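In case it's useful when we look at the structure, here is the feature table from TrEMBL:
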type: ACT_SITE; residues: Asp338; note: active site, proton acceptor
type: BINDING; residues: Lys46, Ser47, Arg51, Ser192, Ser193, Gln194, Asp338, His365; note: 3-phosphoshikimate binding site
type: BINDING; residues: Lys46, Gly117, Arg146, Gln194, Arg369, Arg410, Lys435; note: phosphoenolpyruvate binding site
type: DOMAIN; residues: 33-444; note: domain 'Enolpyruvate transferase'
Amino acid sequence: MQPFIQPPSGDLEARSPWSVMDEAKEVLIGKSSAPIRGDIIVPGSKSLTNRALIMAALAEGTTRIEGLLRSDDSYWCIQSLKQLGIAVKVEGDTAMVEGCGSKWPHVSGEIYVGAAGTVARFLPAALAASMEGFWTLTGSKRMSERPIGPLLKALEEQGAGLTYGGAERCLPFTLQAHGLKGGNVTLPGSTSSQFISGLLLAAPYAAEPLVLHIEGEVVQREYVEMTLEMMLTFGISPEVSSDGSVIAVPKGTYRAQDIQLEPDVSTCGYFWSLAALTGGRIRTVGIHADSTRQPDIMLLGVLERMGCTVIKGNGFVEVQGPERLEGGFELSMRECSDQTLTVAALAPFASGPISLKDVAHIRHHECDRIAVICTELRKLGLTVKEAEDGLTVYPGVPAPALLDSHDDHRMAMSLSLIGMMSGDIRISNPGCVSKTCPDYFDRLIGLGLDVQMR
Ligand SMILES: O=C(O)C1=C[C@@H](OP(=O)(O)O)[C@@H](O)[C@H](O)C1
Ligand SMILES: C=C(OP(=O)(O)O)C(=O)O
């Protein structure tokens, strides 16, 4: 075990005022001696929050959003909209957004998107849809490395002028808006579903109806469905071909709404896992498992396969952990790939190896998630086999270690699960949880876990 506390690391500029633990250099989670039990209400979905904010900004009229997530990703979304001259008033988890009908009040300026993939990929088309404007988009160091090229290429073809401050077709860039032409546009589905969602969000404002042709299978297709569903809520009905590869978006204007957002199912995954690992019981309130569009609900199927009992109630989901988790199988995580790290953290405690596949794209997330989870699990003395599109984790007993979150909220939250099972595990730079769940560690304390910040 390394004796020294590491200096603070990570891209602290990307932390927002809604982050609560920037000072923490590391977290130590004590071994849990009892099954974890509790009922919790998880904050709003990041994906729903940022879609709702951007559609509300593009709409005509004032939208009321309830159940908003207050985290770095939504903070940078709101700040970006404010930079564009949109009035956004936030009280608790309610936001009032004055829409601009795609005529952004501030026609120039610099917009910082933090580390939020949803803001970096959802805003450019919404900017390009305006008839005038000249904006520079910048983001965290990692966001400047993450792919966005296919979306920017499509926007250039649609009429936007783009110049690059660093590498070609990456952040930072300056976008000159001339409106979107519409007509046929092609985007690949294999790197990120966010390119498709980003173009769809702005598509109703194109000069001609826009027809999006998707090349190849979409990683996490359900996020595209989530976008289409919210477009419908705001009054626009795209038509999808029977094989899903062509989406025709009619011209129109979003109409302001009063909407209530669901809790973040991706965040629920860590809490369900606490129950799964300890033979406990966690009920997350506010989730309708059968109707949610959040793809990480599919983690419930994985937990059942691992021997958990899952109760899908009316407005809640409850997970009860077994005596011992089952392993010895292979899973495609393509459709709920944000949970790959969660399952990798559960796997050492299962009865047999678990192989996770079809997630090559997560190498382009907050860090190279496949390489990094393998590195961190190996530091614990565990056996892991890395593949191009996933990994296999073997059962084992984790040894004490100092682990690195790699400034990735999902790494920090997943590694905390191992910490709780093993004790003597420290995680450096834990403050990155603020990307989606700023009070994550306080919530663990609330469930009776021994969590020390240093
Ligand atoms: O549209 C969204 O809200 C998201 C899409 C997914 O991204 P990719 O399709 O880029 O993997 C997911 O990983 C991310 O957390 C949220
Ligand atoms: C991939 C993620 O985020 P982003 O929206 O930045 O892509 C994530 O939250 O796991």
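If you go along the chain as it appears here, the first residue is 1 and each next one adds 1.
Keep in mind that glycine also has a Cβ here, set from the backbone N, Cα and C atoms.
Just so it is clear, the model here is predicted, and its values are computed rather than measured.
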Let me know the most crowded of the binding-site residues, choosing from Ser47, Ser192, Ser193, Gln194 and counting other Cβ atoms within 10 Å.
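Compared across Ser47, Ser192, Ser193, Gln194, the most Cβ atoms within 10 Å surround Ser47.
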For Arg369 (phosphoenolpyruvate binding site), what is the tally of other C-beta atoms lying within 10 angstroms of its C-beta?
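Cβ-Cβ neighbours of Arg369 (phosphoenolpyruvate binding site) within 10 Å number 25.
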Out of the binding-site residues I have (Ser47, Arg51, Arg146, Gln194, Arg410, Lys435), which ones have their Cβ sitting under 6 Å from ligand 1?
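Near ligand 1, sequence order: Ser47, Gln194.
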Nearest of the binding-site residues to Gln194 (3-phosphoshikimate binding site) by CA-CA distance, picking from Gly117, Arg146, Arg369, Arg410?
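Its closest listed neighbour, by Cα, is Gly117.
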Could you round the CA separation between His365 (3-phosphoshikimate binding site) and the residue listed as 'active site, proton acceptor' to a whole angstrom and send it over?
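Here the two Cα atoms lie 9 Å apart.
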Averaged across the domain 'Enolpyruvate transferase' (33-444), what pLDDT does the model get? Just tell me the whole number, please.
97
Where the distance is taken from Cα to Cα, which of the binding-site residues Gly117, Arg146, Arg369, Lys435 turns out closest to Arg51 (3-phosphoshikimate binding site)?
Gly117
Over all pairs in Lys46, Gly117, Arg146, Gln194, Arg369, Arg410, Lys435, the listed phosphoenolpyruvate binding residues, work out the largest Cα-Cα distance in Å.
19
Taking the binding-site residues Arg51, Arg146, Ser192, Arg410, which residues show a Cβ-atom distance to ligand 2 below 6 Å?
Arg410
Give the sequence-ordered list of residues that share a chain with Lys46 (3-phosphoshikimate binding site), lie 6 or more positions from it, and have CB atoms under 8 Å from its CB.
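Listed in sequence order, they are Leu69, Ser71, Asp73, Ser74, Thr118, Asp264, Ser266, Thr436.
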Which of the binding-site residues listed here (Gly117, Arg146, Ser192, Ser193, Lys435) have a Cα atom within 10 Å of the Cα of the residue listed as 'active site, proton acceptor'?
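So the list is empty; none.
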Determine the Cβ neighbour count for Lys435 (phosphoenolpyruvate binding site): the number of other Cβ atoms within 10 Å of its Cβ.
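Result for Lys435 (phosphoenolpyruvate binding site): 29 neighbouring Cβ atoms inside 10 Å.
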So if I draw a 10 Å sphere around the Cβ of Asp338 (active site, proton acceptor), how many other Cβ atoms end up inside it?
25
